Amino acid sequence: MDKYLNSFVDHLSEWSSRAFRNNSSSANQSASNKELEQVFEQINAIVENHNNKLTTAFDKISYRVAHKITHLVESHSLVFNYATLVLIASALVVIGSFTSISSIPFTALPPTREHSLFDPTDFDVDHDCHVIYRENDEDKKKKKKSKRFFDMMDEKHAIILPLTSGCTLLALYFVIKKLHLNWLKYVVKILNFNITLLNIPAGTFVYSYFLNSLFRNLSHLASWNPLVVLPRYRVTIADDNEDLNKIGGFVTNLNYKDGLTNSVVHKKTLDEIEKDHWMKHFYRRELVEPKDIKSKRQISNMYLNSALIVSFVLSIVSTVYFYLSPNDWLISNAVSMNMAIWSIAQLKLKNLKSGALILIALFFYDICFVFGTDVMVTVATNLDIPVKLSLPVKFNTAQNNFNFSILGLGDIALPGMFIAMCYKYDIWKWHLDHDDTEFHFLNWSYVGKYFITAMVSYVASLVSAMVSLSIFNTAQPALLYIVPSLLISTILVACWNKDFKQFWNFQYDTIEVDKSLKKAIEKKENSITYSTFILSEYYNDADKYALLGDDVNENFDDDEEFVQEEDLSDSSEEELSEEDLLDDESS
């Protein structure tokens, strides 16, 4: 396989070299190209010198930490290094699984303020589940593009994901092997710039989750008011074309008062302003109660809390530092951790069937590019971008730098999305077994057997990969150990508990029903909310338990019978209405 791959890359390099030679055929063009290269080199030298001055202190910290880690590795062999990698990877998967909850399951009730486990962050997830109608083959042919209310990875991604990943790897391999070193630097800078931009939303998401989770649990344990610890804000942009207030000034509204405000302090502040003539003039508009902002005057609203503000600032700081010093292994690891957690939260598997197919496809993809070729090893070791976890092993005195042991983010994010799906099934199953229970983040009963089984299997498979690496002293595809361990253990537990069929086809926040319901309810939309569905006259207790079972279509064996029953009910209603009219006329 290496032979065919190298020949393919050679053909590409010949074609690119011919193109470069044709573009620079004349002597004037070659001279101008050299001048441009010199200008770019001078600019890069100036920027690098400027960055070195700004990041000298941070580089010293990184080097000191790296030297201490290498000292620990030398004194404890590679056990310390491998154990650290396994611990970090496992922690990222656990955190990513917790952050993947963006809605409540349709088996749960929405959270309420009166519950003992309530926290304001319970309202930060979607409460509306969706009821969608199954489409037959004819409908799928008519609708080439169907609107979806959720973005989940299904069976088709088992083909798309390995193909796109393989094309990306081959493109990077071609850049490393055949293009000039300067071109490789530009490619790395472009990739780092893209990751720098992505780190802003990823870092904000991760840091916000940490702060919200920390203060959520502290407020519950210490019986604090969570709205005092993490107050929530609403920033409204509205037009003032109707009231026409005086322009200028940013003054605190003194009439702001709610249950959290100390009334004594509020009254004391107003008395002090009334006594001071200058202060009274300054707050002259704020002493009068401002008019309410009508909804039709509100241009946009932004909802946030103090944790989100702090997280955004931390994300900006880490992004700027990574931009100034992209080669620092500490900040590179921090950015990689943000990307890993964010990826697990965004990659949502539909059910066990889609997760198993995608992992099996990636299993063969990983083996092909690690054992069959040197593509993955070459790209991972030559591109210094934050798509891997790296820990220093020893200091190379000849090259005056550190040698690192690495673990790709794909070995964290891809199994992580499967483990997150197991965690969602535990939540879904817990509410199914406990009727009429509300969803709350503080409910630690959500950590169930499938999530624990998947995590134990993941840790065991990572340890097996590390042991094989130390024995054979060659790069090991971690998915070779992770995929069989995850699938076999999860499926065995599901079969043992007789949940396999349910787990194989379940959907966390979406209910699929037969299309006959669409005719009965007479809705033109492709989906309705769960709350609307349960309030409809076609939903009774028998239908409720059928929806939670294996197949909804069992209650709708024959569409004609269902329509006939509907017609009979309509006719009976008509007869009743005629009798009522006759009674009214006689009276």
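Just so it is clear, glycine is given a Cβ too, placed from its N, Cα and C backbone atoms.
In the three-state DSSP reading, Asp366 (active site) counts as helix. Annotation comment: Swiss-Prot describes Asp366 (among others) as active site.
Per Swiss-Prot, active site is recorded for Asp411 (among others). Secondary structure at Asp411 (active site), taken from DSSP and collapsed to helix, strand or coil, is helix. Using a 10 Å Cβ-Cβ cutoff, Asp411 (active site) registers 25 neighbours.
According to Swiss-Prot, the region 'Disordered' annotation covers 561-587.
According to Swiss-Prot, the topological domain 'Lumenal' annotation covers 1-85 (among others).
According to Swiss-Prot, the feature topological domain 'Cytoplasmic' maps to 107-156 (among others), an assignment based on sequence analysis. When pLDDT values are averaged over the topological domain 'Cytoplasmic' (107-156), the model yields 72.
Annotation comment: Swiss-Prot describes 178-192 (among others) as topological domain 'Lumenal', evidence class sequence analysis.
The topological domain 'Cytoplasmic' annotation in Swiss-Prot covers 214-303 (among others).
Here Swiss-Prot flags 325-328 (among others) as topological domain 'Lumenal', drawing on sequence analysis.
Under the heading topological domain 'Lumenal', Swiss-Prot lists 373-401 (among others), citing sequence analysis as support.
Taken from Swiss-Prot, the feature topological domain 'Cytoplasmic' applies to 423-450 (among others), supported by sequence analysis. Sequence-distant contacts of the topological domain 'Cytoplasmic' (423-450), counting only residues of its own chain at least 6 positions beyond either end whose CB sits under 8 Å from a CB of the stretch, comprise 97-98, 100-101, 104-105, 107-112, 115, 117-119, 121-122, 125, 213, 216-217, 220, 352, 490, 493-494, 497, 499, 503, 506, 508, 548.
Mapped onto DSSP classes, the topological domain 'Lumenal' (472-475) shows 1 helix, 0 strand, 3 coil. Residues or ranges marked as topological domain 'Lumenal' in Swiss-Prot (evidence: sequence analysis): 472-475 (among others).
Under the heading topological domain 'Cytoplasmic', Swiss-Prot lists 497-587 (among others).
What Swiss-Prot records for 86-106 (among others) is transmembrane segment, and it gives sequence analysis as the kind of evidence.
What Swiss-Prot records for 157-177 (among others) is transmembrane segment.
The transmembrane segment feature in Swiss-Prot is assigned to 193-213 (among others).
Per Swiss-Prot, the feature transmembrane segment maps to 304-324 (among others). Residues 51, 54-55, 58, 120, 192-193, 196, 199-208, 210-212, 215, 230-233, 235, 331-332, 334-335, 338, 386 of the same chain sit 6 or more residues outside the transmembrane segment (304-324) yet have a Cβ under 8 Å from a Cβ within it.
Sequence-distant neighbours of the transmembrane segment (86-106) (same chain, 6+ residues past either end, Cβ-Cβ under 8 Å): 125-127, 129, 205-206, 209, 213, 337, 340-345, 348, 389, 407, 411-413, 415-417, 419-420, 422-424, 427-428, 431, 439, 441, 451, 455, 458-459, 462-463, 466, 508-511, 530. Ranked by number of Cβ pairs under 8 Å to the transmembrane segment (476-496), the listed stretches 157-177, 193-213, 402-422 are led by 402-422. In this structure the alpha carbons, written CA, of Asp411 (active site) and Asp366 (active site) are 10 Å apart. Counting residues 6+ beyond its ends, the topological domain 'Lumenal' (472-475) has Cβ neighbours under 8 Å at 370, 376-377 in the same chain. If you look at the transmembrane segment (402-422), the same-chain residues 6 or more away from its ends with a CB under 8 A from one of its CBs are 66, 70, 78, 81-82, 85, 89, 92-93, 96-97, 100, 153, 165, 329, 336, 339-340, 343-345, 347-349, 351-352, 355, 358-359, 362, 366, 380-381, 387-396, 450-451, 453-455, 458, 462, 478-479, 482-483, 486, 490. Of the candidate ranges 193-213, 329-349, 352-372, 451-471, 352-372 contributes the most Cβ pairs within a distance under 8 Å of the transmembrane segment (157-177). All protein chains shown were included, and the count of other CB atoms within 10 Å of the CB of Asp366 (active site) stands at 24.
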